[in-house]
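The structure appears below as structure tokens.
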């Protein structure tokens, strides 16, 4: 439908209309439209509205109906009645309003033989009539008219059908648009749509009767029956939309709840952690402060909670900011509860990341390079950076149009923004507010840092700024540069997040298995949705060693190489990940030599004999390399 077809409903411009010598407007003998099927009665003379004072004559070009035609009148005059099949077709589309509107307008045109049809629905909040208008190209646009404007507004106000046989003689038609555009509107049949409760739903307007000079009384009767079908199907659609919206809001609320917030934290656990002395880091292992140490080896989730308290205490945060021990215990317990039981992005991963960060924060380069609030933010962020992770990627969230994607997709980093929101919610719980003694400025600064570094864990975000980080490393870290502070924090956060790659090959391989278990679960979901997953997500195609090598070369090795340049103590992490790369390459070679590459699945990652072969091959190569170096 073009602008010509909808602007005709604008307010009347009487100055452009010739003054007729005979009346052009009166009440006809038709009743107000409703969905009632009660027997019709003839209106009395008192129900006839007096015409406007400017009009006086006996001819009529506009009817506003106020009685019902006989139900059988169409049949007696050879007119085809409205088939129940029309209603069935409308109901089939009542789960989608746009589709229903298109169907209603098409059915109305075919049923009553009109050139065009518009359907205006009531926007009660703004007191406007809204039409979804389809042009010839199938595009959808929206038209809004005040309820008092044009023929449509007149019908909406009076709730009475109008049969305008000559629009040029109707005071409610805006003729100027036809004059400007060349569109010739001849006649209009416009009727209200009212549901069974008597609630006004909208207005339908048919224009230009085909094959005749105007719409007939039989057309009015068809329109009246059709209006009942429209009202029922539209009401059904609006109800369905309300149910869907309620479900969406409920789902969204559930998605945004802090994971585990409805679960009780054991008062016994809180009391135990609050009353017992915080353990020194050596309690966990004499090597607990070494980069190569695997923190998962200290025990289970309870041990991770207690060891996390050790980190806050060891770095001096509990004393410096007078952290209430009970609040600290509640905070860490709540964070642990916030992680889901997924193969990789779980509480053990969060603790491992925080452990690597804790070691980094104790190095002279970081102690002198970052201020105390930045270091505090890093430790909190590491513990919380994947809280409520669903075991799927940002791409999957967007593809599946999850509530999280609807909430955060415009900003990017869907999951990371959710992790940050969850972190803030926990920190705002009175029993978990470990930052309660910070000033307002300090509090806002810490939250800002937490947000920055959690967003930095999105690999896509990291790759977008890796050039700036490399430039900072090459130029030398400048502690007076705020940008260098930001980039340094992002680098430390990313290296902590990837720190499993810097442990020994056995641990690195075990964690890789958890990663791919999670990936494959997502791939299975994507297949169920009819999508084709990426190779790394597809258990039927993924060659893990090759994918690992590609990830190390593209992401992990450059990260730890930069860390080693900024934090000299981090040199061992770069050497460890370089050695792991050799192991993955050797594993790939051995599988090829066996003639069964690509090897699918994950079982071979637990093959101890195969692991020994890999380690031995790497050892032999290192020995050979030493001999070569001696000969040079």
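Any Cβ shown, glycine's included, is placed from N, Cα and C.
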In TrEMBL, AMP binding by 345, 346, 347, 348, 349, 386, 548 extends, among 497, 504, 603, to 497
Among the recorded positions 345, 385, point out the residue whose Cβ has the most other Cβ atoms within 10 Å, with all shown protein chains included in the count. 385
Which secondary structure state does DSSP assign to residue 548 (AMP binding site), in the simple three-class scheme? helix
Please report the distance from the Cα of residue 347 (AMP binding site) to the Cα of residue 385 (Zn(2+) 1 binding site), rounded to the nearest angstrom. 10
Just report the maximum Cα pair distance in Å for the recorded AMP binders 345, 346, 347, 348, 349, 386, 497, 548, no decimals. 23
Just name the winner among 346, 348, 548 (the binding-site residues) by count of other CB atoms within 10 A of its CB. 548
Enter the number of other CB atoms within 10 angstroms of the CB of residue 497 (AMP binding site). 26
